[in-house]
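Okay, so here's the structure we're looking at.
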């Protein structure tokens, strides 16, 4: 088989399964409206949960940062790319979330890959929720450690897997809010099972941070859990991009020595760090509380109004509201129908989700209005 045959066969298999991914160039992709091909759609695919991507204070902070620092960092943080803007953001994040240290990364994917690659060795074991994000599971598979998966949100199954003999250290991996199902993990029970067996807990709270908990402190704060490793990302509730690892002083020092994704990557632009500090200020303010309250009301409006007779509505009280339709082709048809009716919705299919669980992944944001939710419900009712 040639290289071209290998590539062609893989693409043909995806097409045959109605699982081929496509990108669409949009004029505007965040916020209430999505604009593509000179047409405006109600946007139910954005992760900009609090509507901060267009917040004037955050935009101005980025502009001022660019005027002061330039548009790039100029290098790795270990060389010349760690600025006072990065330092201020790390210190603010650590204080906000109750950790000794925070380390910034260019993406959540990079943060997850970095911490697992740096910490795990041959005799170690990773025990991950089977629905954990691809970045976590890929990192676990690529690491020298053994990977075991526990049944989704099942602390008892987790405990049994942790009880099996292990020659090294054990790391439990889960998410605060799961990206494709929108449900939350029972973090207190999971952390208890881990602590009783001297295992550490890593929680990726990409979809909870900024959006839930007091001052938007996220899923762990809401459940009064402090994992040894907390990953927060900035492309959802913060409306920007990037990520951070929250940890102890010694773990931060260790990662600065051994996290290759951190050492050998150009750090985020200082202007971005300054914008993120501005986003954090909004999230923690009374305005941030008002935005979370409005989002919660929109989520309740949707769940109360959806007619789920032809769909399986996931048990989610987050901004992620998946409608499980099962068949790939049907999910694509429904997404096309909704777009024809002016609602931009994405069909999510395997391998992103398990086989037979293709879905419409609807996301609600603070930028929506009540009439937008009502329009979505009307279109869904007609499409179902």
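Cβ coordinates are placed from backbone N, Cα and C, and glycine is handled just like the others.
Computed from a predicted structure; not experimentally measured.
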In Swiss-Prot, 108, 109, 207, 233 are given as binding pyridoxal 5'-phosphate, so which of 76, 179, 265 is in that site too?
179
Listed in Swiss-Prot for the substrate site shared with 21, 133, one of 337, 352, 357, 363:
352
Rounded inter-Cα distance in Å - residue 352 (substrate binding site), residue 108 (pyridoxal 5'-phosphate binding site):
17
Given a 10 Å Cβ-Cβ cut-off, pick out the one of the binding-site residues 179, 233, 352 that has the most other Cβ atoms nearby.
233
Nearest of the recorded positions (21, 133, 236) to residue 207 (pyridoxal 5'-phosphate binding site) - Cα to Cα:
236
Run through 21, 133, 236 for me and report the recorded positions whose CA is within 10 Å of the CA of residue 109 (pyridoxal 5'-phosphate binding site), in sequence order.
133
For residue 179 (pyridoxal 5'-phosphate binding site) and residue 236 (N6-(pyridoxal phosphate)lysine), what Cα-Cα distance in Å is obtained after rounding to a whole number?
11
Excluding 108, 109, 179, 207, 233 themselves, which residues in that chain have a Cβ inside 8 Å of the centre of the Cβ atoms defining the pyridoxal 5'-phosphate site?
133, 135, 204, 206, 231, 235, 236, 243
